[in-house]
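K.L.:
Positions annotated as repeat 'TPR' by TrEMBL: 94-127, 128-161, 162-195, 196-229, 230-263, 264-297, 298-331.
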Amino acid sequence: MCVCCPALRPRSKHPAKRYKKLLYEIFPKSPGCIFVNLSSSSSSSSSLLHQLNKSHEADDDARLTIAHQLYKAGEFKQALEHSNLVYQRNPLRTDNLLLIGAIYYQLQDYDMCIARNEEALRIQPQFAECYGNMANAWKEEGDTDRAIRYYLIAIELKPNYADAWANLASAYMRKGRLSEAIQYCQQAFSLNPLLVDAHSNLGNLMKAQGLIQEAYSCYLEAVRIQPTFAIAWSNLAGLFMESGDLNRALQYYKEAVKLKPAFPDAYFNLGNVYKALGRPTKAIMCYQHALQTRPNFAMAFGNIASIYYEQGQLDLAIRHYMQSISRDPRFLEAYTVVKIAPQSMRRGRGQQQIRKGVNYRALNNQSRNINYEVGVQIIEIYNDQVLDLLCD
């Protein structure tokens with residue numbers, strides 16, 4: 001037997017004992033690793049290799065169990081570390097590829113989510129859950145039509161896939177096809193009456209039709225089934241916020257982010273409640289929390305900017321408005337910077353010329369339902385200080 005590592009070469013009359021000792025040092029915690037008599041024939045070496053492979057598989061299973069637990073606890077980055085270690089050792093484990101894709105989805109890295117699910121499908125083409133996860137990612141990317149196609153493939157492969165039916169309903173709701181969305185929600189209920197996502201989606205459908213009491217009942221049922229379901233708490237908070245009951249909204253949004261710390265929408269709305277209650281410092285903290293998990297959240301930058309603007313901190317307002325525009329050039333509220341910049345320049349902070357083309361029906365910073373086309377190009381900056389300020 002050829003042993004390339006000098007540390008493993010026999011140096012005594014009892015090499016088997018030395019190998020056994022060294023292997024214990026290398027694999028001190030490997031479960032189920034039973035060492036054989038290494039002084040026997042080459043078949044013993046083959047048996048040892050088999051034992052070690054089984055030990056690695058056990059280690060991988062243990063890591064995946066930990067990764068699943070971390071995923072459920074919302075510790076997505078730590079879960080990814082464990083899953084990636086398994087992936088490095090065995091890139092063909094489709095259960096791990098599915099989990100990695102789900103983790104990337106939660107981290108909002110939708111390209112990597114799609115990539116890992118595609119890897120799994122090359123190995124196991126009939127893996128319905130992979131199509132469902134890819135559909136979720138495409139929906140978040142804004143390609144609702146492709147998401148619908150992938151949900152339908154998942155359902156064709158697995159007709160009793162309740163989550164896919166519920167998510168398909170959500171996709172049709174985005175397209176404004178409410179009757180079909182309700183139909184698919186009901187199909188999800190028929191497969192799993194306790195599916196909280198379906199109850200939440202149906203609540204959203206009721207709300208979209210102005211049926212507020214029915215929406216409230218749906219969200220409440222989701223919370224009754226699963227009290228830790230943060231999305232339902234957030235949806236309940238939204239109803240109270242829109243009705244003007246800010247204290248109830250505050251209570252429920254706080255519950256949502258407590259249950260799901262990586263919940264940018266809930267943090268954003270919690271910030272809006274604090275802002276409406278006249279607590280700007282708390283509002284900014286919430287918007288910053290939202291940006292930690294969604295760095296391209298243009299509206300969060302815009303709302304921080306509006307608070308600084310109201311406080312007269314124009315430099316900070318400009319900086320955050322520009323960050324908002326860089327994330328989403330269509331974000332109308334951020335173009336308040338066009339109004340702020342000249343004020344800042346008159347106060348001696350630099351000079352710039354802004355050429356803007358605007359085509360819109362109304363400019364109302366309180367409205368987010370305006371048809372518009374906005375383009376703003378900063379074409380000349382004369383003061384390096386302002387350049388640093390705007391590009392920071």
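Keep in mind that glycine also has a Cβ here, set from the backbone N, Cα and C atoms.
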K.L.:
With a Cβ cut-off under 8 Å, give me the same-chain residues at least six positions beyond the ends of the repeat 'TPR' (230-263) that come close to it.
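P.N.:
Those are 74, 76, 106, 196-197, 199-200, 203-204, 207, 212, 215-216, 219-220, 222-223, 269-270, 272-274, 276-277, 289, 293, in sequence order.
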K.L.:
If you run through the repeat 'TPR' (264-297) with DSSP, how many residues end up as helix, strand and coil?
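P.N.:
Its residues divide into 27 helix, 0 strand, 7 coil.
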K.L.:
If you run through the repeat 'TPR' (196-229) with DSSP, how many residues end up as helix, strand and coil?
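P.N.:
Grouping H, G, I as helix and E, B as strand yields 27 helix, 0 strand, 7 coil.
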K.L.:
What does the DSSP secondary structure composition of the repeat 'TPR' (94-127) look like, as residue counts for helix, strand and coil?
P.N.:
27 helix, 0 strand, 7 coil
K.L.:
Over the repeat 'TPR' (230-263), what is the model's average pLDDT?
P.N.:
96
